[in-house]
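J.: Pasting a structure here, questions to come.
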């Protein structure tokens, strides 16, 4: 963690009172620790996006093109014609305040401009000034203001303080979705080259190498082979996955976080073990090697650009359908965008589980099935055998990853898996799970190192609920189905709720799964000794 | 906070204008006929224009906010209202928003514990209660007003009046909806004034309709219970307006002209104000679309091709490394170009 990160005591002081001065009279202060570094010229150039140059957030001069106001206003005008969502969300807000205290960034920071209503007003005020008659005439009186450089910087600061988690949208009586507003606002900022490094760099790598971390094909294969070595050590079963194999039935796509670093790799081991046990005819791809889509945090166009590779690869390999791993915004894109952006994929077939024969009609057009749907079906049809005792050292709670929760609605499938693979499962308070789940605070491309204070503040609401079940039920593991969660939570837990680990659902499954030909397991997937096998306990039982 | 003052001043002026106009200048035809007609026209065309404008903007993507279990495996119970997958379920969801304010009903509020002990959440339904009271009282009041627009007064209107007068006190009989309406608007206003967070986000545009409605409801109540106006004459005037054969009738109380001028203002203001949320909810992409993107193709009318990095380009760059790692290459590279 950064050295500048404030102490726990300081961030624990939750203060949601409002300042004296009105928000329009409060100029933005870009506070270190609350924002990410600026995108670099080479990454922007790489995607042929506008205004590539190296710039620093701390500098007064952001090296904007001379006609930057026209660019933004023309861009806004264009999007008001193209997105009904934007127009409706600009026009219908009544400022009832229902959303105000729903945002994890507001709860954790107390900054009024983190109230979803005000985050939207940042853009809406400019909309009023330039696109409504009342705003043109009456100005500030009716909440309209001119687009100045100060306002632009305020946009940049606050639209990169939103993780597009949609919690506010759930509570809005008109369904106004700040995620949508943030997506479009970021799209506008990108017209001026105002992206952040943590997004622009993964996007460039994903575009050309195939995944966010820039892992080349041979390295990716090597990484997954290493995981297979570990699986062999633990289970005695040798797994030989295939890559870029034509004629496979299924193309498996997941976030690169799953084959790159802990604890994601343990989830990946769970996938590998499951597929091997089933004898699944599937392949990995080193070209469409990324399920996550940081393009989605840049613009719709870049989202489409990166997403297009998945169908292209499915077509090239001649698979029947796509199986997707545990990843949050990947599934927002796959569930609500992919088929529209790059489909319909007529060259694929409606997914059918080769093991159970279940036809996934809910994916009849997009031909992409979530692995939790796939696995829950296997369990329901009794195709897997478990020894949940192997998870007895784990006292787990489950975090509904926001995109899968509010952009898809997958709540029961992962719970069904956990309940079968584990004996100790405790839910967090109901106001903080399922559709009301709180974001990890690091989503939508904000999972950098330099904005650690922002991440800890944003993740407070989630961690606060974890702390609650840790104290009440002795929970020591937080399960999730999102690669950004898995990357962000360890730091968040260390800060707010020490002693709570982080896992994917398929890691839990991998622990409990009884594989054909396996040796007696003495270790879990992480290579840690299984406590229930320790001599004294063993003596008690036998 | 200056917004409150502006809004209040605006409404006071709006009360004074017809008072001076009718009482001082005797412009009864202007205030009794021309302005109501103009207001109706602005309302009608403004509303229609907004309707057309909104409906012509496409929904490029289907982006419902899912508030419950998706439709997936047949043994998992779908939450049809909060995660609709068909048109009829979407209609159910939208109607539950329109008639029951379902999303608002979810409202809860964080309670900050002492000494950094964290946050808990408590249900906060007051806004929902105030909103329901306001909208239903408003609807009932409007519906009752149909008695001025119809001859003979149809049964449903008389029926609602009968129910509305259930208290059976006062002469003329007290209509509960009018009183509830005034109370609810006052509560909604009080909310904006008392709760610091609401005060912080409120604009003149938020206070103005509230003051205007208070003025309208108050003049209405005054006419009915205190000052008294010549009801048959009012009806005659309104029936004249409705039948496009306006007649001027003398001796209708001053208060009536204020009332009708304020209503005219409200009508003319409506299509350009936040009150258009009444139409907006039907168009809201997060509520009025089904979460069935994976099952049924949704077309984006302005979809355009993008030049993504093709497999061919990818293999060209990494061919040697892939060969060395034993990753199969594509022997039919000529055919694998990106989607047009």
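One is the number of the first residue shown, and numbering goes on along the chain from there.
The backbone N, Cα and C atoms fix where each Cβ goes, glycine too.
TrEMBL does not curate its annotations; it predicts them automatically.
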J.: Write down the single range among B:28-48, B:49-69 that appears in TrEMBL as transmembrane segment.
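T.: Comparing B:28-48, B:49-69 with TrEMBL, transmembrane segment matches B:28-48.
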J.: For which of the residue intervals B:105-125, B:126-146, B:147-167 does TrEMBL record transmembrane segment?
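T.: Here TrEMBL associates transmembrane segment with the stretch B:126-146.
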J.: Out of B:247-270, B:271-294, let me know the one TrEMBL marks transmembrane segment.
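T.: TrEMBL lists transmembrane segment for residues B:247-270.
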J.: Between B:81-101, B:207-227, which stretch does TrEMBL give the note transmembrane segment?
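T.: Spelled out, TrEMBL records transmembrane segment over residues B:207-227, not the other listed ranges.
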J.: For the transmembrane segment (B:247-270), I need the partner stretch with the highest count of C-beta pairs below 8 angstroms, choosing only from B:28-48, B:174-195, B:207-227.
T.: B:28-48
J.: Select the range from B:28-48, B:126-146, B:207-227 that forms the most Cβ-Cβ pairs under 8 Å with the transmembrane segment (B:5-22).
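T.: Between the stretches B:28-48, B:126-146, B:207-227, B:207-227 has the largest tally.
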J.: What residues elsewhere in the chain lie close to the transmembrane segment (B:126-146), defined as a C-beta under 8 angstroms and at least 6 residues from its ends?
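T.: Non-local partners: 101, 104-105, 107, 153-154, 156-157, 160-161, 164, 175, 177-178, 180-181, 183-185, 187-188, 191, 217, 220.
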